[in-house]
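TrEMBL has this to say about the protein:
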{"type": "DOMAIN", "residues": "29-367", "note": "domain 'Acyltransferase 3'"}
{"type": "TRANSMEM", "residues": "32-48", "note": "transmembrane segment"}
{"type": "TRANSMEM", "residues": "54-75", "note": "transmembrane segment"}
{"type": "TRANSMEM", "residues": "96-115", "note": "transmembrane segment"}
{"type": "TRANSMEM", "residues": "167-184", "note": "transmembrane segment"}
{"type": "TRANSMEM", "residues": "196-215", "note": "transmembrane segment"}
{"type": "TRANSMEM", "residues": "221-241", "note": "transmembrane segment"}
{"type": "TRANSMEM", "residues": "253-272", "note": "transmembrane segment"}
{"type": "TRANSMEM", "residues": "278-296", "note": "transmembrane segment"}
{"type": "TRANSMEM", "residues": "308-327", "note": "transmembrane segment"}
{"type": "TRANSMEM", "residues": "351-372", "note": "transmembrane segment"}
{"type": "TRANSMEM", "residues": "392-411", "note": "transmembrane segment"}
{"type": "DOMAIN", "residues": "439-678", "note": "domain 'SGNH'"}
Amino acid sequence: MTSTVAAPTRVRTTGPRTRQERRFLFRRDIEGMRAVAVGLVVAYHAGMPFLRGGFVGVDVFFVLSGFLITGLLLDELARSGRISLKDFYARRVRRLLPLAALVVTATALGSFLLLPPIDRGGLVVQLVAAMGSVANWVFAAQSTQYMAATDQSPVLHYWSLSVEEQFYLLWPLALLLVAGRGGLATRAWPVVVRRLVLVLGVIGGFSLFLSWQQTASGSTYAYFGLHTRAWELAVGAALALGRPALRRVTRRAARLCGTTGLLLVVGAAVGMNEATPFPGLAATVPVLGTALLVVAGARAPDHGVSGALSGPVLGFVGRVSYAWYLWHWPVLVLANARWGTPEQVGGPPRVGFLATTALVALSFLLAVASHYAVEQPLRRAKLLLRSRERTFVLGGALATVALVSSTALAVPSHSRTQDRVAAAASEQPATTLTNLKACYNDFTTTSVPAADVCRIGPKEGARRIALIGDSHSQHWMPALERLAAERGWTVYLFAKSSCAVVDVPVWLASTKSEYASCATWRESMLQRLAGMRVDAVLIGRWMDYRDLVLDDSGQRLSRTEAVDAWQGAATRTFARLKETAPRIIVIRDTPRPAGVVPSCVSRNQGVAAKCAFDKVASTGLDAGLARAEKAADPARVRFVDLTAQLCPTSRCPVEQDGVLMYRDAHHLTVQFARTLADPLGDAISAQLR
């Protein structure tokens with residue numbers, strides 16, 4: 001597990017020999033950088049409008065982690081000629097695991113007390129992933145983002161800890177491999193340095209390329225993956241490797257680096273937002289800024305920006321930054337889920353500004369308390385410092401307690417009501433109509449199957465309908481399936497999740513980038529329709545693309561501009577459908593509930609009446625796009641509106657005749673959609689007369 005050779009006397013070690021060298025092991029300005037980083041993240045998660053790019057605080061942490069960990073490892077290697085992996089991992093366990101286990105356990109308890117049973121179903125896997133340091137891969141697989149989901153995981157922020165812990169696992173091994181079996185006894189220090197420079201260059205360059213490529217393609221793994229974040233850690237490692245050179249930077253240059261670095265980090269936090277393709281090349285801005293701050297503090301720690309970062313207030317916040325990072329997110333998520341209301345129809349629930357401020361303060365108090373009551377005592381416990389084995393035993397015990405308690409608390413309770421709600425929420429047309437799985441495309445698929453593959457009903461039915469659109473076309477398929485069976489209709493389905501059917505570029509929230517595969521799929525779908533003849537093209541779509549339409553440069557348009565762009569796109573798209581169908585029928589979107597319906601019903605123990613919502617507020621979003629579509633082709637475009645069936649009074653129900661109507665915040669359940677077959681069929685037939 002270790003490489004044990006003495007450091008050659010001719011090599012000037014980087015160990016803590018002088019006062020200046022000791023500053024590299026504890027630098028007050030780095031505590032200040034940690035304070036800035038955690039402050040940006042907390043402000044962003046609290047919804048501060050002027051810091052919509054506050055997520056770059058995580059990138060600051062990555063660079064600092066690479067710098068500090070590599071510096072410690074190099075000091076040990078140069079001073080003693082070896083790296084003790086057992087000692088290193090024991091230090092990591094004492095430093096990180098106690099608080100991580102405490103917060104996971106507290107989060108599980110809070111979820112049990114505050115979340116409806118149905119929302120705890122997927123939490124167990126996430127809690128286990130958080131404790132197992134693989135949260136980043138689990139959340140990437142679940143296509144989850146900070147700014148994308150309405151049902152945020154209270155341990156989502158553990159993804160960045162998982163990235164760092166994977167780095168801690170692999171990087172010491174890489175250093176030992178580079179130093180070789182004989183370590184510094186057989187290789188001069190400059191040889192080791194050159195090898196490390198080469199390794200860091202290869203790892204960093206390839207990782208940055210992957211980050212750029214996968215961010216451009218819209219992969220969620222770009223945001224969460226170690227492979228796309230390793231270059232940020234490598235930048236910090238390279239700075240640690242170049243510490244002797246940093247000491248030779250002039251004070252004037254150091255002060256300039258500090259000012260420029262702070263401007264880059266803060267500028268990224270202010271100028272970037274959820275629409276910025278990230279990490280990709282955009283992440284180079286905060287990473288470069290952090291690197292410049294590290295350079296500045298190495299030479300002029302008491303002057304300029306570095307001096308300001310070394311102040312006592314920022315130093316205190318920096319010392320508790322790890323604890324604050326752990327506590328702030330579950331406190332916000334659980335409180336918002338329990339007491340929040342959507343700021344806009346269909347949006348995630350949030351408490352007000354004052355309540356959010358109080359929650360941030362509460363999370364800071366929890367951080368301070370746990371830092372002094374748990375983190376520091378265990379980190380400095382003499383009993384643990386004397387024995388690595390005791391440290392590992394304690395770490396295993398804490399992890400076991402966290403996992404067992406989390407599993408016990410987070411598992412949802414079962415009752416007839418809860419099981420009914422869970423079943424309605426989990427059933428989806430794509431899985432229910434098994435023969436149409438290939439016809440409903442996910443976020444990456446771009447091909448469209450042959451028409452007969454996507455057909456329900458007879459080949460030459462009484463009516464021939466092609467249903468196209470996004471997931472809001474798909475949720476009508478159970479009704480159309482009944483029409484195919486009972487009225488002999490022929491129905492074709494061509495749908496892609498979150499993809500506008502008209503020829504306009506749109507932004508995809510889950511990847512924070514332009515939805516490139518949507519345009520490719522749309523073209524493939526239109527070409528498929530060009531060879532078909534149907535009585536009508538039926539369009540089902542989400543009501544509110546107004547905030548997602550992009551211009552040619554990839555920037556989001558204002559709502560007024562978006563409606564104008566939608567009309568132009570609809571004109572182009574409908575013109576291409578002339579040879580396919582004499583009539584274009586748009587299904588007006590369903591009323592939008594105020595939140596996630598199954599969660600609301602579950603929280604209220606099956607009393608669905610408590611989840612009813614206002615009709616006017618939930619139906620007005622569709623008007624602008626509908627006007628644009630009508631103006632695009634007045635002669636052929638018709639509308640089918642089933643709002644009266646879904647919402648017969650001023651308050652819209654979420655349950656009819658014992659059937660839950662919505663499986664989330666806007667999609668119909670399979671069972672309820674089937675009950676709408678007759679009114680939908682009659683409305684379509686009326687438009688074809």
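Keep in mind that glycine also has a Cβ here, set from the backbone N, Cα and C atoms.
A contact between the transmembrane segment (221-241) and the transmembrane segment (278-296) is present, since 3 or more of their C-beta pairs, 6 or more residues apart, lie under 8 Å.
Most Cβ pairs within less than 8 Å of the transmembrane segment (351-372), among stretches 32-48, 196-215, 392-411, belong to 32-48. Packing against the transmembrane segment (96-115) from elsewhere in the chain are residues 123, 127, 130-131, 154-155, 158, 161, 165, 322-323, 326-327, 330, 334-335, 337-338, 370-371, 374-375, 378-379, 395, 398-399, 401-402, 405-406, 409-410: each is 6 or more residues past its ends and has a CB under 8 Å from a CB in it. Long-range contacts of the transmembrane segment (32-48) within the same chain: residues 54-58, 60-61, 64, 146, 265, 269, 290, 293-294, 308-311, 314-318, 321, 324-325, 328-329, 332, 350, 356-357, 359-360, 363, each at least 6 residues beyond the stretch ends and with a Cβ under 8 Å from a Cβ of the stretch. For the transmembrane segment (278-296), the partner stretch with the most Cβ pairs below 8 Å, chosen from 54-75, 308-327, 392-411, is 54-75.
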